[in-house]
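**Student:** Questions regarding the structure given below will be posed in turn.
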Amino acid sequence: MAAQRKRLNTATLVLLPFWAVVLAAYVGTMLWTVQISFTASKLLPVDEYVGFAQYERLFGSTRWSVSMQNAVIFGVLFIGGALVLGFLLAVVLDQRVRFENTLRTVFLYPYAMSFIVTGLIWQWLMNPGLGIQKAVRDWGFTSFDFAWAVDRDMAIYALVLAGLWQASGLVMALMLAGLRGVDEEIWKASRIDGIPAWRVYLFVIVPMLRPLIVTAVVLLAISVVKAFDLVVALTNGGPGISSDMPAKFVMDNLFTRQNIGLATAAATVMLITVAAVLVPWIYTEYFRKARVGGTA
Amino acid sequence: MSTETATPRGPHAESARLAFDRGERDRGERPTSRGTTREGTTARGRKPKTLTIGRIGLYGFVVVAAAFFLLPAVVMVLTSLKSMPEIRDGSIFALPQSLDLSAWAKAWSSACTGLDCEGIRVGFWNSVIITVPSTIASIAAGALLGYALSFWRVKGADILFAVLLLGAFLPYQIFLYPMVRAFSMVGLYNTLSCIVIVHVIFGLPIMTLIFRNFYAGLPVELFNAARVDGGGFFRIFWNVMLPMSTPILIVAAILQITNIWNDFILGLVFAGRDNLPMTVQLNNVVNSTYGEREYNLNMAATILTAAVPLLVYFVSGRWFVRGIAAGAVKG
């Protein structure tokens with residue numbers, strides 16, 4: 001008994017530095033950020049409290065509302081698009097096509113590359129004077145328009161397209177693993193009943209893959225919230241502020257515009273938005289199962 | 001294969017389906033890679049031998065999709081091999097008239113990132129110097145914590161894990177500014193140690209998660225036996241758990257090397273001018289050049305920056321996918 005207690009103590013001791021790091025680096029910095037957002041800080045943090053003034057400024061700012069709208073547009077199209085495209089790719093690869101391994105490699109390789117690289121590639125493809133637009137116009141389609149990254153109305157869709165190119169393979173890989181785990185009996189049964197394959201996929205397989213789909217949505221949603229690199233590399237938020245995103249809004253106000261109070265207020269709004277979605281998810285995913293005893 | 005074909009069919013097995021099965025069997029007997037990935041070959045597809053409209057549509061979609069994913073890489077390589085006049089006059093899809101590697105040489109050794117014109121190689125070596133210690137340290141920390149969380153009952157471990165998970169999903173913007181202040185206070189800001197510590201901190205959640213999941217899958221009896229034999233916390237970790245951890249160590253290394261190499265925002269904020277990683281340098285080369293833009297050089301620099309994670313991807317193959325699955329949080 002005494003020996004066991006000693007061993008437990010070793011484990012407790014080992015956890016202590018981790019506690020320290022987690023409390024300081026995650027909890028502490030988070031609280032500090034929230035605290036700064038209630039002050040009048042500009043270049044450096046000051047202790048002059050101004051209540052919700054920074055938040056009022058924030059919600060009065062056009063740039064912030066554009067950023068939030070863009071986050072919603074990007075989020076919906078990127079997550080939805082990647083799910084649909086990734087799932088289709090997985091289904092196609094599951095039809096015993098030739099060169100399956102090669103195709104899987106082709107669909108997934110962009111995911112190995114950074115968003116900076118992705119953004120720069122698509123910036124070149126969308127180059128107004130020399131990119132794909134020019135090539136297609138030279139073929140005779142003179143009204144073809146693909147200079148999205150420098151087009152105020154299309155810049156956000158340029159980000160979506162580049163994001164889909166980078167991340168759809170991730171969904172494909174997850175879904176393909178799920179499809180390979182589907183019981184053969186289901187396919188036999190559905191064939192005997194004469195149900196067309198697409199209906200089986202849509203109404204039987206998709207519900208079965210629900211946990212994987214949730215995982216994919218979470219992973220994609222993280223990249224939406226963190227969308228900074230891609231924006232910087234592809235459009236830099238422009239033209240003007242037309243493709244700005246919350247993460248970039250915060251970074252600009254923190255490090256170039258010396259508006260710490262406003263930036264931390266914006267970061268806090270991001271935090272609340274994400275936490276509102278996350279906390280219930282983490283709770284059900286990790287803790288309810290343990291407590292109910294595996295019945296969840 | 002034999003079990004599959006011997007499966008008795010129901011009375012509804014009409015001739016059409018028998019033909020279907022025969023097609024399957026023919027196909028199944030060929031030594032294809034498919035045979036190894038799934039032993040039951042009952043297809044979910046159409047009959048593979050004849051070309052139905054569905055099959056044509058399927059391949060049509062495959063070709064379009066493959067083109068969508070491959071085209072950017074092809075264009076990137078083509079552009080990097082052309083000369084600037086060639087780029088200006090020709091189509092983006094045109095093949096280079098001659099193999100011109102000068103853009104590559106220039107990108108590597110004399111491209112300008114702001115005022116310095118020493119090429120992307122500076123960023124390359126910075127990234128190497130950042131990635132190696134960060135990967136090792138974050139794997140060590142994650143393995144230790146994951147082991148502690150899965151085998152040792154410590155009070156509050158659940159809470160620690162929950163906070164870690166939250167940290168994995170929250171945007172960096174919430175943590176960045178106070179971290180900058182804290183690092184400046186202790187005089188570490190803008191140093192190599194600073195960026196390495198930051199990578200370890202932000203890598204901790206995912207590393208802990210995958211090691212915890214891995215150790216949770218090992219039989220508890222193993223741990224109990226080691227304890228009966230008198231093994232302590234570190235001895236069990238070092239002599240029992242680590243020798244069994246090779247697969248997850250490989251997965252963790254793949255994940256961290258690609259994550260850290262591909263990082264932009266942390267390097268930008270914490271690394272300091274002398275240690276800027278390759279992604280930051282690349283963005284400076286491409287997006288802040290004054291004067292004429294050299295697209296061939298830009299594309300060569302972009303390929304060079306993507307080369308390390310791509311190499312990891314192509315060499316590791318299925319391990320990379322396993323890394324995705326491991327990172328794809330499962331309780």
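Placement of Cβ uses the backbone N, Cα and C atoms for every residue, glycine included.
Not my notes, these are from TrEMBL:
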| type | residues | note |
| --- | --- | --- |
| DOMAIN | A:68-283 | domain 'ABC transmembrane type-1' |
| TRANSMEM | A:12-34 | transmembrane segment |
| TRANSMEM | A:71-93 | transmembrane segment |
| TRANSMEM | A:105-125 | transmembrane segment |
| TRANSMEM | A:154-179 | transmembrane segment |
| TRANSMEM | A:200-225 | transmembrane segment |
| TRANSMEM | A:260-283 | transmembrane segment |
**Student:** Please indicate, using numbers and ranges, the residues of the same chain that are 6 or more beyond the transmembrane segment (A:200-225) and have a C-beta under 8 Å from a C-beta there.
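**Tutor:** Residues packing against the transmembrane segment (A:200-225) from afar: 71, 74-75, 78-79, 82-83, 86-87, 91, 115, 163, 167, 170-171, 174-175, 177-179, 182, 186-187, 190, 246-247, 270, 274, 277, 281.
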**Student:** So which of A:71-93, A:154-179, A:260-283 is most in touch with the transmembrane segment (A:12-34), counting Cβ pairs under 8 Å?
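**Tutor:** Highest pair count goes to A:260-283.
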**Student:** Hey, which bits of the same chain come close to the transmembrane segment (A:154-179), Cβ under 8 Å, at least six residues off its ends?
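**Tutor:** Counting only partners 6 or more residues beyond its ends, the transmembrane segment (A:154-179) has Cβ contacts under 8 Å with 70, 73-74, 77-78, 81-83, 85-87, 89-91, 93-94, 104, 107-111, 113, 115, 118-119, 121-122, 126, 145, 147-148, 205, 208-209, 212-213, 215-216, 219-220, 223, 227, 230-231, 234-235, 238-239, 242-243.
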